[in-house]
Amino acid sequence: MNQSLLTQFGDPFERVERALRSLRNGNGVLVTDDENRENEGDLIFPAQTLNEVQMAMLIRECSGIVCLCLTDEKVRSLGLPMMVENNSSRFKTAFTVTIEAAHGVTTGVSAADRVKTVKTAVAENAKPEDLNRPGHVFPLRACPGGVLERQGHTEATVDLMKLAGLQPYGVLCELTNIDGTMARLPEVVTFANKNNIPVVTIDDLIMYRKQHQKKVS
């Protein structure tokens, strides 16, 4: 990864801290992984404070496949089965069946409807019957160990929310270019600067978590 592009956002520790401040303020962050992995930047917002303007940005600027990152406990409490029994995808991305709010939506596709679905799913007292399946929101189950167990955007999202002191749920979507290709780090940085969004890498988060655990222990 071209670290020179990232230095404008601070050192790894500072990048994580900036990301956490943004999330606590109800704003988004951009999370990039390694060039040898997906080599993508995901735009991420806290599910807890998600609004229609932010959802519209996810739909407009990203791939349109808006995912809701959940803990394993939340997935089980909502009774969400995995999308497939045998996951043969390259990075074992843990999709569950897709969801829609059972009440308060129309077709489920609009930004408002997708926000409603997200809010319904992450509600503290949410029950399986509050959601219809299939739908237009794609839940992802994070590994319990977070980025220390799996170096994915799903785990990074849940880890960031926990570190920010928020509900451990977030929405993500992969940033794309205007021609539909995937945004790589140079395009991610350009988008971040244009929209005043902090950038953090999964490697930054791994380092931060390891240091944090040392302090705790």
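Heads up, the Cβ atoms here are built off N, Cα and C, so glycines get one too.
Not measured: the values here are computed from a predicted model.
Taken from Swiss-Prot, the feature D-ribulose 5-phosphate binding site applies to ARG37, GLU38, ASP42, ARG150, GLN151, GLY152, HIS153, THR154, GLU174, supported by sequence analysis. When other Cβ atoms within 10 Å of the Cβ of HIS153 (D-ribulose 5-phosphate binding site) are tallied across all protein chains shown, the result is 29. In the three-state DSSP reading, HIS153 (D-ribulose 5-phosphate binding site) counts as helix.
Annotation source Swiss-Prot lists Mg(2+) 1 binding site at GLU38, citing sequence analysis.
The Mg(2+) 2 binding site feature in Swiss-Prot is assigned to GLU38, HIS153.
According to Swiss-Prot, the site 'Essential for catalytic activity' annotation covers HIS136 (among others), on the basis of sequence analysis. For HIS136 (site 'Essential for catalytic activity'), the same-chain residues 6+ apart in sequence whose C-beta sits under 8 angstroms from its C-beta are VAL66, THR98, GLU100, GLY108, VAL109, ASP113, ARG114, THR117. Secondary structure from DSSP puts HIS136 (site 'Essential for catalytic activity') in a beta strand.
Within 10 Å of the C-beta of GLU174 (D-ribulose 5-phosphate binding site) we count 19 further C-beta atoms, all protein chains included. Summarising the annotation, Swiss-Prot assigns site 'Essential for catalytic activity' to GLU174 (among others) and lists sequence analysis as the type of evidence.
Annotation for ASP42 (D-ribulose 5-phosphate binding site): spatial neighbours LEU30, VAL31, THR32, CYS62, HIS153, THR157, LEU172, CYS173, GLU174, LEU175, criterion Cβ-Cβ under 8 Å with sequence separation of six or more.
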